[in-house]
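Q: A single structure is presented below for examination.
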Amino acid sequence: MESLFPAPFWEVLYGSHLQGNLSLLSPNHSGLPPHLLLNASHSAFLPLGLKVTIVGLYLAVCIGGLLGNCLVMYVILRHTKMKTATNIYIFNLALADTLVLLTLPFQATDILLGFWPFGNTLCKTVIAIDYYNMFTSTFTLTAMSVDRYVAICHPIRALDVRTSSKAQAVNVAIWALALVVGVPVAIMGSAQVEDEEIECLVEIPDPQDYWGPVFAVSIFLFSFIIPVLIISVCYSLMIRRLHGVRLLSGSREKDRNLRRITRLVLVVVAVFVGCWTPVQVFVLVQGLGVQPGSETTVAILRFCTALGYVNSCLNPILYAFLDENFKACFRKFCCASALHREMQVSDRVRSIAKDVALGCKTTETVPRPA
(Lines of atoms letter the chains of each structure in order from A and count residues from 1; the text may use other names and numbers.)
(Lines give C-alpha, C1' and ligand atoms only; values in the text may rest on other atoms or scores of the structure.)
Protein backbone atom coordinates (compact mmCIF):
# COMPACT_ATOMS: atom_id res chain seq x y z
CA MET A 1 0.00 0.00 0.00
CA GLU A 2 1.14 3.52 -0.76
CA SER A 3 0.12 6.68 1.03
CA LEU A 4 -2.51 8.46 -0.97
CA PHE A 5 -4.69 10.63 1.16
CA PRO A 6 -2.94 13.02 3.45
CA ALA A 7 -5.12 13.19 6.45
CA PRO A 8 -6.72 14.65 8.33
CA PHE A 9 -9.59 15.48 6.03
CA TRP A 10 -8.31 18.94 5.09
CA GLU A 11 -5.32 17.30 3.46
CA VAL A 12 -7.38 15.12 1.10
CA LEU A 13 -7.38 17.92 -1.44
CA TYR A 14 -3.79 18.97 -1.73
CA GLY A 15 -1.77 17.10 0.80
CA SER A 16 0.96 17.96 3.17
CA HIS A 17 3.84 18.92 0.80
CA LEU A 18 4.16 20.09 -2.82
CA GLN A 19 7.33 19.05 -4.60
CA GLY A 20 8.76 22.50 -5.25
CA ASN A 21 6.81 23.31 -8.42
CA LEU A 22 3.48 22.03 -9.68
CA SER A 23 4.85 21.75 -13.18
CA LEU A 24 7.21 19.02 -11.99
CA LEU A 25 4.32 16.76 -11.08
CA SER A 26 3.60 14.06 -13.61
CA PRO A 27 1.11 11.18 -13.76
CA ASN A 28 3.90 8.75 -12.94
CA HIS A 29 5.19 10.59 -9.88
CA SER A 30 5.56 8.14 -6.96
CA GLY A 31 3.19 5.79 -8.75
CA LEU A 32 0.20 7.88 -7.67
CA PRO A 33 -2.89 8.15 -9.85
CA PRO A 34 -3.17 11.53 -11.62
CA HIS A 35 -6.02 12.92 -9.53
CA LEU A 36 -4.01 12.57 -6.32
CA LEU A 37 -0.73 14.13 -7.39
CA LEU A 38 -1.33 17.30 -5.40
CA ASN A 39 -1.29 15.22 -2.26
CA ALA A 40 2.49 15.51 -2.43
CA SER A 41 2.97 18.83 -0.62
CA HIS A 42 1.51 22.25 0.07
CA SER A 43 3.50 24.06 2.73
CA ALA A 44 6.90 24.08 1.03
CA PHE A 45 5.24 25.45 -2.11
CA LEU A 46 3.37 28.40 -0.59
CA PRO A 47 5.15 31.72 0.08
CA LEU A 48 6.18 32.35 3.68
CA GLY A 49 3.89 35.37 4.02
CA LEU A 50 0.89 33.33 2.95
CA LYS A 51 1.80 30.52 5.32
CA VAL A 52 2.11 32.97 8.22
CA THR A 53 -1.30 34.46 7.34
CA ILE A 54 -2.94 31.03 7.31
CA VAL A 55 -1.24 30.02 10.55
CA GLY A 56 -2.39 33.27 12.19
CA LEU A 57 -5.95 32.59 11.06
CA TYR A 58 -5.80 29.04 12.43
CA LEU A 59 -4.55 30.21 15.83
CA ALA A 60 -7.14 33.01 16.06
CA VAL A 61 -9.91 30.54 15.22
CA CYS A 62 -8.49 28.12 17.78
CA ILE A 63 -8.42 30.62 20.66
CA GLY A 64 -11.76 32.27 19.90
CA GLY A 65 -13.50 28.98 19.18
CA LEU A 66 -12.24 27.28 22.34
CA LEU A 67 -13.39 30.16 24.54
CA GLY A 68 -16.81 30.32 22.89
CA ASN A 69 -17.55 26.60 22.74
CA CYS A 70 -16.33 25.95 26.29
CA LEU A 71 -18.63 28.75 27.47
CA VAL A 72 -21.55 27.16 25.58
CA MET A 73 -20.93 23.78 27.22
CA TYR A 74 -20.52 25.39 30.66
CA VAL A 75 -23.80 27.29 30.34
CA ILE A 76 -25.73 24.17 29.32
CA LEU A 77 -24.24 22.11 32.16
CA ARG A 78 -24.59 24.89 34.75
CA HIS A 79 -28.21 25.93 34.19
CA THR A 80 -31.07 23.45 34.49
CA LYS A 81 -33.35 25.48 32.23
CA MET A 82 -30.81 25.12 29.41
CA LYS A 83 -31.01 21.32 29.34
CA THR A 84 -33.58 21.20 26.52
CA ALA A 85 -33.49 18.72 23.64
CA THR A 86 -32.19 21.36 21.22
CA ASN A 87 -29.50 22.51 23.64
CA ILE A 88 -28.36 18.92 24.20
CA TYR A 89 -27.65 18.75 20.47
CA ILE A 90 -25.94 22.14 20.65
CA PHE A 91 -23.73 20.75 23.44
CA ASN A 92 -22.75 17.86 21.16
CA LEU A 93 -21.90 20.28 18.36
CA ALA A 94 -19.81 22.41 20.74
CA LEU A 95 -17.98 19.32 21.98
CA ALA A 96 -17.10 18.22 18.45
CA ASP A 97 -15.96 21.74 17.57
CA THR A 98 -13.84 21.95 20.72
CA LEU A 99 -12.05 18.71 19.93
CA VAL A 100 -11.20 19.72 16.37
CA LEU A 101 -10.09 23.20 17.47
CA LEU A 102 -7.55 21.55 19.77
CA THR A 103 -5.88 20.08 16.68
CA LEU A 104 -5.37 23.44 14.94
CA PRO A 105 -2.03 24.28 16.64
CA PHE A 106 -0.63 21.00 15.30
CA GLN A 107 -2.03 21.72 11.83
CA ALA A 108 -0.64 25.26 11.94
CA THR A 109 2.82 23.93 12.85
CA ASP A 110 2.63 21.46 9.96
CA ILE A 111 1.79 24.29 7.55
CA LEU A 112 4.55 26.56 8.82
CA LEU A 113 7.33 23.96 8.94
CA GLY A 114 6.31 22.07 5.81
CA PHE A 115 6.42 18.67 7.53
CA TRP A 116 4.78 16.74 10.37
CA PRO A 117 7.04 16.91 13.49
CA PHE A 118 4.78 15.32 16.12
CA GLY A 119 5.22 11.60 15.56
CA ASN A 120 2.93 8.70 14.77
CA THR A 121 0.62 8.72 17.81
CA LEU A 122 -0.38 12.36 17.45
CA CYS A 123 -0.80 11.82 13.72
CA LYS A 124 -3.37 9.08 14.33
CA THR A 125 -5.07 11.16 17.03
CA VAL A 126 -5.42 14.27 14.86
CA ILE A 127 -6.70 12.18 11.95
CA ALA A 128 -9.32 10.50 14.14
CA ILE A 129 -10.51 13.77 15.71
CA ASP A 130 -10.79 15.49 12.35
CA TYR A 131 -12.94 12.74 10.88
CA TYR A 132 -15.00 12.47 14.07
CA ASN A 133 -15.73 16.20 13.93
CA MET A 134 -16.67 16.06 10.26
CA PHE A 135 -19.25 13.33 10.77
CA THR A 136 -20.52 14.24 14.25
CA SER A 137 -21.14 17.85 13.15
CA THR A 138 -23.21 16.93 10.11
CA PHE A 139 -25.04 14.13 11.93
CA THR A 140 -25.81 16.43 14.87
CA LEU A 141 -27.14 19.18 12.60
CA THR A 142 -29.28 16.57 10.87
CA ALA A 143 -30.61 15.39 14.24
CA MET A 144 -31.35 19.01 15.22
CA SER A 145 -33.28 19.56 12.00
CA VAL A 146 -35.31 16.37 12.46
CA ASP A 147 -35.95 17.45 16.05
CA ARG A 148 -37.31 20.81 14.85
CA TYR A 149 -39.42 19.04 12.22
CA VAL A 150 -41.05 16.90 14.92
CA ALA A 151 -41.62 19.95 17.15
CA ILE A 152 -43.26 21.96 14.35
CA CYS A 153 -45.12 19.33 12.32
CA HIS A 154 -45.97 16.77 15.02
CA PRO A 155 -46.39 18.75 18.27
CA ILE A 156 -48.36 16.00 20.06
CA ARG A 157 -45.80 13.32 19.29
CA ALA A 158 -43.05 15.76 20.24
CA LEU A 159 -44.15 15.62 23.88
CA ASP A 160 -42.92 12.02 24.08
CA VAL A 161 -40.11 12.12 21.52
CA ARG A 162 -38.37 15.41 22.32
CA THR A 163 -36.87 14.78 25.76
CA SER A 164 -33.39 15.50 27.09
CA SER A 165 -32.70 11.84 27.79
CA LYS A 166 -33.61 10.82 24.25
CA ALA A 167 -31.50 13.64 22.83
CA GLN A 168 -28.56 12.37 24.88
CA ALA A 169 -29.14 8.86 23.52
CA VAL A 170 -29.12 10.25 19.97
CA ASN A 171 -25.82 12.01 20.69
CA VAL A 172 -24.28 8.74 21.90
CA ALA A 173 -25.54 7.04 18.73
CA ILE A 174 -24.00 9.81 16.61
CA TRP A 175 -20.57 9.31 18.17
CA ALA A 176 -20.88 5.54 17.82
CA LEU A 177 -21.76 5.95 14.14
CA ALA A 178 -18.80 8.29 13.66
CA LEU A 179 -16.55 5.57 15.08
CA VAL A 180 -17.36 3.46 12.02
CA VAL A 181 -15.34 5.97 9.99
CA GLY A 182 -12.97 7.34 12.61
CA VAL A 183 -11.45 4.09 13.86
CA PRO A 184 -10.49 2.63 10.45
CA VAL A 185 -9.07 5.97 9.33
CA ALA A 186 -7.05 6.28 12.54
CA ILE A 187 -5.71 2.75 12.04
CA MET A 188 -4.68 3.54 8.46
CA GLY A 189 -3.13 6.85 9.44
CA SER A 190 0.58 7.09 10.15
CA ALA A 191 3.53 9.47 10.08
CA GLN A 192 5.78 8.36 7.23
CA VAL A 193 8.80 9.62 5.33
CA GLU A 194 7.69 10.63 1.84
CA ASP A 195 10.18 12.32 -0.50
CA GLU A 196 12.56 13.07 2.40
CA GLU A 197 9.80 14.76 4.43
CA ILE A 198 7.69 13.39 7.29
CA GLU A 199 4.00 13.42 6.38
CA CYS A 200 0.86 12.48 8.28
CA LEU A 201 -0.97 10.21 5.85
CA VAL A 202 -3.81 7.75 5.45
CA GLU A 203 -2.81 4.67 3.50
CA ILE A 204 -5.38 3.69 0.87
CA PRO A 205 -5.34 -0.01 -0.13
CA ASP A 206 -4.67 -1.24 -3.65
CA PRO A 207 -5.91 -0.78 -6.29
CA GLN A 208 -5.44 2.87 -5.47
CA ASP A 209 -7.00 4.20 -8.65
CA TYR A 210 -10.23 2.51 -7.55
CA TRP A 211 -10.24 3.01 -3.77
CA GLY A 212 -8.99 6.61 -3.95
CA PRO A 213 -12.07 7.99 -5.76
CA VAL A 214 -14.35 5.67 -3.74
CA PHE A 215 -12.91 7.12 -0.53
CA ALA A 216 -13.32 10.76 -1.61
CA VAL A 217 -16.81 10.34 -3.08
CA SER A 218 -18.01 8.35 -0.05
CA ILE A 219 -16.81 11.07 2.30
CA PHE A 220 -18.59 13.69 0.19
CA LEU A 221 -21.86 11.75 0.11
CA PHE A 222 -22.13 10.55 3.70
CA SER A 223 -20.63 13.55 5.49
CA PHE A 224 -22.27 16.26 3.39
CA ILE A 225 -24.72 15.58 0.57
CA ILE A 226 -27.02 13.04 2.27
CA PRO A 227 -27.26 15.02 5.56
CA VAL A 228 -27.90 18.27 3.66
CA LEU A 229 -30.66 16.60 1.64
CA ILE A 230 -32.34 15.34 4.82
CA ILE A 231 -32.04 18.79 6.39
CA SER A 232 -33.51 20.41 3.26
CA VAL A 233 -36.52 18.08 3.29
CA CYS A 234 -37.14 18.76 6.99
CA TYR A 235 -37.05 22.53 6.55
CA SER A 236 -39.19 22.43 3.42
CA LEU A 237 -41.90 20.61 5.38
CA MET A 238 -41.49 22.98 8.33
CA ILE A 239 -41.79 26.09 6.17
CA ARG A 240 -44.95 24.75 4.58
CA ARG A 241 -46.35 24.01 8.02
CA LEU A 242 -45.42 27.42 9.42
CA HIS A 243 -47.09 29.19 6.49
CA GLY A 244 -50.14 26.95 6.69
CA VAL A 245 -51.24 27.71 10.26
CA ARG A 246 -51.33 30.82 12.41
CA LEU A 247 -50.95 29.09 15.76
CA LEU A 248 -49.00 25.86 16.18
CA SER A 249 -49.48 25.27 19.89
CA GLY A 250 -52.52 27.36 20.83
CA SER A 251 -50.32 29.93 22.56
CA ARG A 252 -48.69 32.92 20.91
CA GLU A 253 -45.83 32.85 23.40
CA LYS A 254 -45.08 29.18 22.70
CA ASP A 255 -45.36 29.82 18.98
CA ARG A 256 -42.82 32.64 19.17
CA ASN A 257 -40.48 30.34 21.05
CA LEU A 258 -40.91 27.54 18.48
CA ARG A 259 -40.24 29.88 15.57
CA ARG A 260 -37.26 31.47 17.34
CA ILE A 261 -35.56 28.12 18.00
CA THR A 262 -36.34 26.93 14.47
CA ARG A 263 -34.76 30.09 13.07
CA LEU A 264 -31.66 29.54 15.23
CA VAL A 265 -31.19 25.97 14.00
CA LEU A 266 -31.76 27.06 10.39
CA VAL A 267 -29.12 29.79 10.63
CA VAL A 268 -26.61 27.41 12.25
CA VAL A 269 -27.20 24.86 9.47
CA ALA A 270 -26.98 27.53 6.75
CA VAL A 271 -23.67 28.87 8.10
CA PHE A 272 -22.29 25.33 8.32
CA VAL A 273 -23.25 24.59 4.71
CA GLY A 274 -21.81 27.92 3.55
CA CYS A 275 -18.50 27.34 5.32
CA TRP A 276 -18.03 23.72 4.26
CA THR A 277 -19.45 23.67 0.71
CA PRO A 278 -16.28 25.04 -1.00
CA VAL A 279 -13.89 22.48 0.47
CA GLN A 280 -16.39 19.64 0.05
CA VAL A 281 -16.82 20.49 -3.64
CA PHE A 282 -13.04 20.55 -4.10
CA VAL A 283 -12.85 17.11 -2.48
CA LEU A 284 -15.40 15.77 -4.95
CA VAL A 285 -13.65 17.36 -7.93
CA GLN A 286 -10.30 16.00 -6.79
CA GLY A 287 -11.80 12.55 -6.28
CA LEU A 288 -13.18 12.57 -9.83
CA GLY A 289 -9.71 13.18 -11.28
CA VAL A 290 -9.51 16.97 -11.69
CA GLN A 291 -6.57 18.57 -9.91
CA PRO A 292 -5.63 22.21 -9.24
CA GLY A 293 -2.65 23.39 -11.26
CA SER A 294 -1.40 26.70 -9.86
CA GLU A 295 -0.14 28.30 -6.69
CA THR A 296 -3.25 30.50 -6.59
CA THR A 297 -5.54 27.48 -6.68
CA VAL A 298 -3.62 25.77 -3.88
CA ALA A 299 -3.84 28.95 -1.79
CA ILE A 300 -7.60 29.13 -2.42
CA LEU A 301 -7.94 25.52 -1.32
CA ARG A 302 -6.06 26.27 1.87
CA PHE A 303 -8.28 29.25 2.69
CA CYS A 304 -11.41 27.22 1.88
CA THR A 305 -10.20 24.67 4.40
CA ALA A 306 -9.62 27.42 6.95
CA LEU A 307 -13.17 28.64 6.28
CA GLY A 308 -14.44 25.21 7.32
CA TYR A 309 -12.68 25.57 10.66
CA VAL A 310 -13.93 29.15 11.07
CA ASN A 311 -17.39 27.60 11.31
CA SER A 312 -16.37 25.99 14.60
CA CYS A 313 -15.91 29.39 16.26
CA LEU A 314 -18.98 31.05 14.67
CA ASN A 315 -21.63 28.91 16.39
CA PRO A 316 -21.24 30.47 19.89
CA ILE A 317 -21.59 33.91 18.30
CA LEU A 318 -24.80 32.82 16.57
CA TYR A 319 -26.22 31.49 19.84
CA ALA A 320 -25.43 34.77 21.59
CA PHE A 321 -27.20 36.87 18.93
CA LEU A 322 -30.15 34.61 18.08
CA ASP A 323 -31.11 32.89 21.34
CA GLU A 324 -32.31 34.97 24.29
CA ASN A 325 -31.60 32.23 26.83
CA PHE A 326 -27.99 31.85 25.71
CA LYS A 327 -27.62 35.62 25.57
CA ALA A 328 -28.88 35.96 29.16
CA CYS A 329 -26.62 33.17 30.42
CA PHE A 330 -23.59 34.60 28.63
CA ARG A 331 -24.31 38.05 30.07
CA LYS A 332 -24.76 36.59 33.55
CA PHE A 333 -21.45 34.73 33.28
CA CYS A 334 -19.57 37.80 32.07
CA CYS A 335 -21.11 40.05 34.74
CA ALA A 336 -20.36 37.50 37.46
CA SER A 337 -16.76 37.27 36.29
CA ALA A 338 -16.41 41.06 36.25
CA LEU A 339 -18.01 41.33 39.71
CA HIS A 340 -15.66 38.65 41.04
CA ARG A 341 -12.65 40.55 39.71
CA GLU A 342 -13.93 43.80 41.24
CA MET A 343 -14.42 42.09 44.60
CA GLN A 344 -10.89 40.69 44.45
CA VAL A 345 -9.48 44.15 43.70
CA SER A 346 -11.61 45.69 46.45
CA ASP A 347 -10.49 43.09 48.98
CA ARG A 348 -6.88 43.67 47.99
CA VAL A 349 -7.26 47.46 48.38
CA ARG A 350 -8.90 47.06 51.79
CA SER A 351 -6.13 44.70 52.87
CA ILE A 352 -3.43 47.16 51.79
CA ALA A 353 -5.25 50.05 53.48
CA LYS A 354 -5.57 48.03 56.67
CA ASP A 355 -1.86 47.19 56.63
CA VAL A 356 -0.95 50.83 56.06
CA ALA A 357 -3.25 52.00 58.86
CA LEU A 358 -1.85 49.38 61.22
CA GLY A 359 1.68 50.43 60.33
CA CYS A 360 0.91 54.08 60.98
CA LYS A 361 -0.73 53.25 64.31
CA THR A 362 2.28 51.19 65.39
CA THR A 363 4.61 54.05 64.49
CA GLU A 364 2.60 56.52 66.55
CA THR A 365 2.62 54.31 69.68
CA VAL A 366 6.39 53.72 69.68
CA PRO A 367 7.92 55.95 72.44
CA ARG A 368 10.47 58.48 71.29
CA PRO A 369 13.97 58.25 72.75
CA ALA A 370 14.79 60.78 75.53
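Each Cβ is built from the backbone N, Cα and C atoms, and glycine gets one as well.
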Q: With reference to Swiss-Prot, specify which of the listed residues C62, C70, C200 is paired with C123 by a disulfide.
A: C200
Q: Indicate yes or no: per Swiss-Prot, are P47 and A299 on the same side of the membrane.
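A: Going by what Swiss-Prot records, A299 is on the same face of the membrane as P47.
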Q: How about long-range neighbours of the transmembrane segment (301-322): same chain, 6 or more residues beyond its ends, C-beta under 8 Å?
A: 10, 13-14, 42, 46, 50, 54, 57-58, 61, 64-65, 68-69, 71-72, 90, 93-94, 97, 100-101, 104, 111, 133, 260, 263-264, 267-268, 271-272, 275-276, 278-279, 282, 292, 330
Q: Looking only at DSSP and grouping its letters into three states, which state does C200 (disulfide bond) belong to?
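A: Looking at the DSSP assignment, C200 (disulfide bond) belongs to a strand.
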Q: Give the residue from the recorded positions C123, C200, C334 that has the most other Cβ atoms within 10 Å of its Cβ, counting over every protein chain displayed.
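A: Most Cβ neighbours within 10 Å: C200.
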Q: Out of 49-74, 88-109, 125-146, 166-188, which stretch touches the transmembrane segment (212-236) the most, going by CB pairs under 8 Å?
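A: When the Cβ pairs under 8 Å are tallied, 125-146 comes out ahead.
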Q: Is the transmembrane segment (166-188) packed against any residues at least 6 beyond its ends, judged by a Cβ distance under 8 Å, and which are they?
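A: For the transmembrane segment (166-188), the nonlocal Cβ contacts are 7, 85-86, 88-89, 91-92, 124-125, 127-128, 131-132, 135-136, 139-140, 143, 147, 202-204, 222.
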Q: Report, as a single number, how many Cβ atoms besides its own are within 10 Å of the Cβ of D110 (site 'Important for G protein-mediated signaling').
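A: Looking across every protein chain shown, the total is 25.
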